[in-house]
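Colleague: I have a structure here, written as structure tokens, and I will follow up with some questions on it.
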Amino acid sequence: MFNRIRISTTLFLILILCGILQIGSNGMSFWAFRDDLQRLNQVEQSNQQRAALAQTRAVMLQASTALNKAGTLTALSYPADDIKTLMTTARASLTQSTTLFKSFMAMTAGNEHVRGLQKETEKSFARWHNDLEHQATWLESNQLSDFLTAPVQGSQNAFDVNFEAWQLEINHVLEAASAQSQRNYQISALVFISMIIVAAIYISSALWWTRKMIVQPLAIIGSHFDSIAAGNLARPIAVYGRNEITAIFASLKTMQQALRGTVSDVRKGSQEMHIGIAEIVAGNNDLSSRTEQQAASLAQTAASMEQLTATVGQNADNARQASELAKNAATTAQAGGVQVSTMTHTMQEIATSSQKIGDIISVIDGIAFQTNILALNAAVEAARAGEQGRGFAVVAGEVRNLASRSAQAAKEIKGLIEESVNRVQQGSKLVNNAAATMIDIVSSVTRVNDIMGEIASASEEQQRGIEQVAQAVSQMDQVTQQNASLVEEAAVATEQLANQADHLSSRVAVFTLEEHEVARHESVQLQIAPVVS
């Protein structure tokens, strides 16, 4: 039944009951304290009223005594100063009595009887006060007979009657307050005893409920935790009820089932780990062997790369020398091309000069022809002249012979010049062909020079590339050696991992997963082959 009630609800009800009991107890205490305070205030007020009324009566008696002394001194004809002093004292006492009585009247009256008594006291005070005022006035005006016949004693007696009534009333109030305080004490004691009994019953019930609903279930939960700590995961956990403890049992059962599944998975995982570790060991051995083979191959490759680097370096040197020779040949060819070009220009100038000489010879030939014609004309004219012209005819014949010889010489020179011009033209053509050939040679040599430069650059780049490849091969060799070291370290780590797996298997072997089961777990011992080094 109690298992179906939530602990929070029960604790809430317990707190509510505690609150009700506390509020009830505090309420009773407050009621008693308030009633006592009211009684105390009433007693205090009664005492203040008694004190104020007693002081008023005492001051009134002082005033009456002073007036009586003043009347006696007046009748005995004492000095006026003494009488005046007594009168001043009497007047001051009367004024003070008025103030004191007003404070008495300002105090709240209780019931109707007290208010009536207060009014009667006020009347008797006013009467007594007026009689004393009259006595003072008569005494100051030397009406001694009126002073002596004033009914002061009667008014004083009336006030004293009211004063005594007030004393009785105040005593009655004090007695009533005392009796009420006694009753309140008895009621408080009864309530206190009742509260103690109820609290004892309540605390006993709460302790029984706490032990039944919290302590005992928590002890059971603790025993389950001890069983789980001891490795017993097969102990059944009963879940009943619907309160928070039930939720803890349900969570504990869920935790037990989860632990059972976890331990089972760990067992399976440790076995699979052993298998995987064995495969890793085999793979490490294989990898170690291949790494060593790769290291040997890389060493051979590094040696070959060194030889290739030396050969390529020699080729690069030869290519640089060939490039220098090609540069020199290109320079020489360019110089020859310049000289051939100069020769071509000179042959062209010679051809031009020969043509000019031919033109001059043609002019000379024309002149000789004209001279021959003129000589012929002169001979004709000399023949006509007869003997006078015979000498002129001889001269004309000589001139004609000279003209003929000049024309013949001019023809021969012209033939020679034409032959020379033809040969010069042929030489110029040959020089032009030689110049074109030299240009082709210079262009070819320049291309050869460029190609040799490119070959030299390529050889240098190839040498640098081969050096980088050799360096990379050397680094690969170092990395391979490091990999071999890592493989050895991995083998050691694998062996340690196998030991840890064995330790893990031995640790989870203490758990009992099923009831009446004795957990036995055979560790798989891995035969780790040594890594080939």
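Each Cβ is built from the backbone N, Cα and C atoms, and glycine gets one as well.
Bear in mind that the values here come from a model prediction, so they are computed numbers and not experimental data.
Okay, so Swiss-Prot annotates it like this:
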type	residues	note
TOPO_DOM	1-6	topological domain 'Cytoplasmic'
TOPO_DOM	34-188	topological domain 'Periplasmic'
TOPO_DOM	210-533	topological domain 'Cytoplasmic'
DOMAIN	212-264	domain 'HAMP'
DOMAIN	269-498	domain 'Methyl-accepting transducer'
MOD_RES	GLN293	glutamate methyl ester (Gln)
MOD_RES	GLN300	glutamate methyl ester (Gln)
MOD_RES	GLN307	glutamate methyl ester (Gln)
MOD_RES	GLU489	glutamate methyl ester (Glu)
Colleague: Can you tell me the CA-to-CA distance separating GLN300 (glutamate methyl ester (Gln)) and GLN293 (glutamate methyl ester (Gln)), as a whole number of Å?
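Modeller: Computed Cα spacing between GLN300 (glutamate methyl ester (Gln)) and GLN293 (glutamate methyl ester (Gln)) is 11 Å.
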Colleague: Give me the long-range Cβ neighbours of GLN293 (glutamate methyl ester (Gln)): same chain, 6+ apart, Cβ under 8 Å, in sequence order.
Modeller: none
Colleague: Work out how many Å separate GLN307 (glutamate methyl ester (Gln)) and GLU489 (glutamate methyl ester (Glu)) at their Cα atoms, rounded off.
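Modeller: So the alpha carbons of GLN307 (glutamate methyl ester (Gln)) and GLU489 (glutamate methyl ester (Glu)) sit roughly 35 Å from each other.
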Colleague: Relative to the Cβ of the residue listed as 'glutamate methyl ester (Glu)', which residues of the same chain, six or more apart in sequence, are found under 8 Å away?
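Modeller: Same-chain residues close to the residue listed as 'glutamate methyl ester (Glu)' (Cβ under 8 Å, separated by 6 or more): none.
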